[in-house]
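In what follows, a structure is listed as structure tokens, so that the remarks can point back to it.
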Amino acid sequence: MHFASTRMTSPPEPGPYMPDLPGVPAWLNKGDNAWQLVAATFVGIQSMPGLVVLYGSIVKKKWAVNSAFMAMYAYASTLIVWVLVGFRMAFGERLLPFWAKAGPALTQDFLVHRAVFPATAHYGRGGVLETPRTEPYYAEASLVLFEFEFAAITLVLLAGSLLGRMNIKAWMAFTPLWLLFSYTVGAFSLWGGGFLYQWGVIDYSGGYVIHLSSGIAGFTAAYWVGPRLKSDRDRFSPNNILLMIAGGGLLWLGWAGFNGGAPYSPNVTASVAVLNTNVSAATSLLTWTCLDVIFFGKPSVIGAVQGMMTGLVCITPGAGLVHTWSAMLMGVSAGCIPWITMMILHKKSSFLMKVDDTLAVFHTHAVAGVLGGVLTGLLATPELCALDSPIPGARGVFYGGGIVQIGKQLGGALFVTVWNLVVTSAILLCIGLFIPLRMPDDQLMIGDDAAHGEEAYALWGDGEKFDLTRPETTRTGGASSAAREDTVEQRLTSMGARGVTIQL
């Protein structure tokens, strides 16, 4: 007996189930940390490769490389700026009502400690603490990564308005400046503890911070950069619809991390959010497709992808805060309202027609984002708001929240709209003093080869190009040899081309 009791009181052997592992502090929840890293990866897949594939395939063949690269560059540049100063400008200690103090997120002293949102404590009347600051149960490094993915996809979405003509060098200068002076302001104001957060504006996962911002900034940038060539605007057919669907599918499934990771924990709110996200997307896709069939006689695959997108955007402000039947209602609205603004109102407005928003980001993100914010102000339930909102008693108008909540939602949308319009304009006007914002027309006629010296598809032999605009025959030879005429077929054969040739 004495021997047995001695063994029971001996310290446990080292192993994965020790109570105090060196890399697992008492405050770290392994499940929370694992889910946040998975959610961050899901959101990252939306951009890389989701939107990279979608952009590279939804444009004309001559712009496939440039469009994909604009998304890739935005993703990479955002990460570097984010860890240098951006993260703490968006989620650090309060500097101004709409901005936090800048600082690096690069050292062990900062990254391995418990994650915290320093400015998110909410005080009621008399300075009484009503809601403590948000402190997830994982390291700051996990939070930095997760929030970076949101920042990156915002810029990638913005790029959709500028495809097919923006000078790539101007884009390279634009992305870090817009991240610092526009995105961080919206993120801190609505998520990081800024004045809109404290006022009670509801933006569960980025309807305003991400989608309204990218839609307004993209439309504004499209105005200043200028339009595509008329020939491109008149005919801009996708070069690969199947890949476009694949990119859209990655975007849809990746939204599970987008809205499922927003509570910073794999709790019941995350479960509701992921379900509502899928229901809204499916409902919106079907609604948009039905409208296409009713008015145009056939379903459009591009339209279906746009409908999917608007459904995902619309549910984002309230994904974890509304009933699933409400998510279905939001999906129907997302399939109708942006369809009307894009297909009817846009064509009746000379100003909207003048601005060349390549992928209609204004309609699919700005319009759908505001729509989702307003519907959230109507449909958010008190039980789900109590789990996520810093404001005690927050709820939608239909649940006793009063019309004031709609006023808050519209006020938040107005601030984000005006800020992005002014800051985006200022950034582009400054860049334009040093770098042309738009490629010259002669380069726009060529596309990828002029911008990068590369093309998406090698159709003739080993990457050799064949000019169909040349005469049917061409005279070759020189002074030392007899001149001869080569037919088109002979030239193709000399380049190794065989069989059926396709012009994209």
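Backbone N, Cα and C atoms are what each Cβ position is placed from, and that goes for glycine too.
TrEMBL entries are annotated by machine, without manual review.
Since we're looking at a predicted model, the values are computed, not measured.
Note on the transmembrane segment (34-56): residues 64-65, 67-68, 70-72, 75, 136, 138, 142-143, 145-146, 148-150, 152-153, 156-157, 159-160, 163, 243-244, 246-248, 250-251, 253-258, 260-261, 264-266, 270, 305, 359, 456 of its chain, located 6 or more positions outside it, place their CB under 8 angstroms from a CB of the stretch. According to TrEMBL, the transmembrane segment annotation covers 34-56 (among others).
If you look up TrEMBL, you'll see 34-457 marked as domain 'Ammonium transporter AmtB-like'.
Taken from TrEMBL, the feature transmembrane segment applies to 68-91 (among others).
Among the features that TrEMBL reports, transmembrane segment is placed at 143-164 (among others). Here the transmembrane segment (143-164) has Cβ contacts under 8 Å with residues 36-37, 39-40, 43-44, 46-47, 51, 55, 59-60, 63, 66-67, 70-71, 74-75, 78-79, 82-83, 86-87, 90-91, 105, 111, 115, 136, 171, 175, 178-179, 183, 187, 206, 209-211, 213-215, 217-219, 221-222, 225, 228, 232, 236, 257-258, 261, 264, 357-359, 361-362, 365, 444 of the same chain, all six or more residues outside its ends.
If one looks beyond the transmembrane segment (176-196) by at least 6 residues along the same chain, the residues whose Cβ comes under 8 Å of a Cβ in the stretch are 77-78, 81-82, 85-86, 89-92, 94, 97-100, 117-121, 133, 147, 150-151, 154-155, 158, 203, 208-209, 213, 217, 411-412, 415-416, 419-420, 423-424, 427, 431. According to TrEMBL, the transmembrane segment annotation covers 176-196 (among others).
Per TrEMBL, the feature transmembrane segment maps to 208-226 (among others).
Here TrEMBL flags 238-258 (among others) as transmembrane segment. Sequence-remote contacts of a segment are chain residues at least 6 beyond its ends whose Cβ falls under 8 Å from one of its Cβ atoms, and for the transmembrane segment (238-258) they are 38-46, 49-61, 64, 149-150, 205-206, 274, 277-278, 281, 301-302, 305, 308-309, 312, 316, 456-457, 504.
The transmembrane segment annotation in TrEMBL covers 270-294 (among others).
Among residues of the same chain six or more beyond the transmembrane segment (301-319), those with a C-beta under 8 A of the stretch's C-beta atoms are 54, 58, 202-208, 210-211, 238, 241, 244-245, 248, 251-252, 255, 258-259, 262, 272-274, 276-277, 280-289, 292, 326-327, 330-331, 333-335, 338-339, 342, 360, 363-365, 367-369, 371-373, 375-376, 379-380. TrEMBL lists 301-319 (among others) with the feature transmembrane segment.
Sequence-distant contacts of the transmembrane segment (325-346) (same chain, at least 6 residues past either end, Cβ-Cβ under 8 Å): 275-277, 279-288, 290-291, 295, 306-307, 310-311, 313-315, 318-319, 352-353, 360, 363-364, 367-368, 371-372, 375, 379. Per TrEMBL, the feature transmembrane segment maps to 325-346 (among others).
Away from its own ends, the transmembrane segment (358-380) comes close to residues 55, 58-59, 157-158, 160-164, 202-204, 207-208, 210-212, 214-216, 218-219, 222, 228, 236, 306, 309-310, 313-318, 321-323, 326, 329-330, 333-334, 337-338, 341-342, 346, 352, 394-399, 401, 405-406, 408-410, 412-413, 417 of its chain (Cβ-Cβ under 8 Å, at least six residues beyond either end). If you look up TrEMBL, you'll see 358-380 (among others) marked as transmembrane segment.
Residues annotated as transmembrane segment in TrEMBL: 413-435 (among others).
Annotation source TrEMBL lists region 'Disordered' at 469-488.
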Looking only at the domain 'Ammonium transporter AmtB-like' (34-457), what is the model's average confidence as pLDDT?
95
